[in-house]
Amino acid sequence: MEEAPDGCPGADSAQAGRGASCQGCPNQRLCASGAGAAPDPAIEEIKEKMKTVKHKVLVLSGKGGVGKSTFSAHLAHGLAEDENTQVALLDIDICGPSIPKIMGLEGEQVHQSGSGWSPVYVEDNLGVMSVGFLLSSPDDAVIWRGPKKSGMIKQFLRDVDWGDVDYLIVDTPPGTSDEHLSVVQYLAAAHIDGAVVLTTPQEVSLQDVRKEISFCRKVKLPIIGVVENMSSFVCPKCKKESQVFPPTTGGAEALCQDLGTPLLGKVPLDPHIGKSCDKGQSFFVEAPDSPATLAYRNIIQRIQEFCASQQPHRENLISS
């Protein structure tokens with residue numbers, strides 16, 4: 001199919017090929033015939049490809065700038081500290097790929113082999129894939145409509161040769177848009193363990209998290225839990241704790257109680273986190289005794305425990 005026009009009702013809609021926005025579309029006849037509603041064959045191909053990936057975790061946020069990519073990168077770093085654990089980090093923030101910078105991989109390029117695209121490796125057991133590796137310059141803008149973004153995500157999931165992986169961490173853009181629908185659709189048959197939702201304490205961020213949790217429930221995506229990032233600042237000298245972003249409505253803790261969603265933990269602000277990301281290094285190495293490092297480690301342990309509890313369900317799906 002060629003690129004869909006604005007206002008496209010979708011190939012699986014009853015108005016496919018018949019709506020006002022369909023007039024003049026090159027796909028109009030195909031959609032009206034019902035052929036466009038057929039399942040995408042890539043879903044089965046991706047299911048087959050993902051048989052070598054044990055656990056798949058999406059990292060979501062309703063609001064931009066809450067530290068989602070930073071969390072995704074450090075979740076991957078933390079899991080990969082065990083040399084026997086193979087970790088993959090997939091960046092599907094097509095228009096704002098920051099993972100290459102955070103992981104210290106700016107300027108790296110993707111290589112192709114007979115078995116597909118090869119990830120860029122930070123360590124022997126930590127591979128990364130991002131649209132940022134496909135750009136000639138980190139300053140290049142990616143100006144794509146939804147169908148082209150979805151095609152890129154499909155290609156990442158189907159064509160990247162991850163090998164045997166224990167954890168696939170998927171860093172998504174903020175919101176609930178084409179990228180989120182695409183990754184959930186393409187991975188549905190392969191079983192997603194769940195989603196981690198990032199927020200900051202203030203209500204303006206929590207409002208969008210409610211929408212994100214609603215999205216997860218509508219598409220039947222399990223919610224591993226919520227992480228409150230930048231929850232407070234602990235002075236490294238006097239150890240006094242300050243609320244930089246006051247939780248005027250109770251923060252993530254109150255939200256999780258209202259919605260019946262687990263709170264995985266609260267990560268305090270630490271200037272070392274930003275410095276580590278700018279240098280492309282793991283914050284855990286730079287500040288191993290920081291309260292933020294300890295919070296991260298507790299959260300990572302809870303995510304591991306959740307994924308381990310999903311393993312019997314996954315094995316039942318594979319055998320059925």
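A Cβ is built for glycine as well, from the same backbone N, Cα and C atoms used for every other residue.
Record features (TrEMBL):
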BINDING   Cys8, Cys22, Cys25, Cys31  [4Fe-4S] cluster 1 binding site
BINDING   Gly62, Lys63, Gly64, Gly65, Val66, Gly67, Lys68, Ser69  ATP binding site
BINDING   Cys235, Cys238  [4Fe-4S] cluster 2 binding site
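Residues Gly62, Lys63, Gly64, Gly65, Val66, Gly67, Lys68, Ser69 make up the record's ATP site, and a Cβ search at 8 Å around their centroid adds Ser61, Pro174, Leu198, Thr200, Ser205, Asn229 from the same chain.
Distance between Cα atoms for Lys63 (ATP binding site) and Cys238 ([4Fe-4S] cluster 2 binding site): 32 Å, as a whole number. Considering other CB atoms within 10 Å as the measure, the emptiest surroundings among the binding-site residues Val66, Cys238 are those of Cys238. Listed binding-site residues: Gly62, Gly64, Gly65, Gly67; maximum Cβ neighbour count within 10 Å falls on Gly62. Sequence-distant neighbours of Ser69 (ATP binding site): residues of the same chain at least 6 apart with a C-beta under 8 Å from its C-beta are Asp91, Asp93, Ser98, Ile99, Ile102, Asp171.
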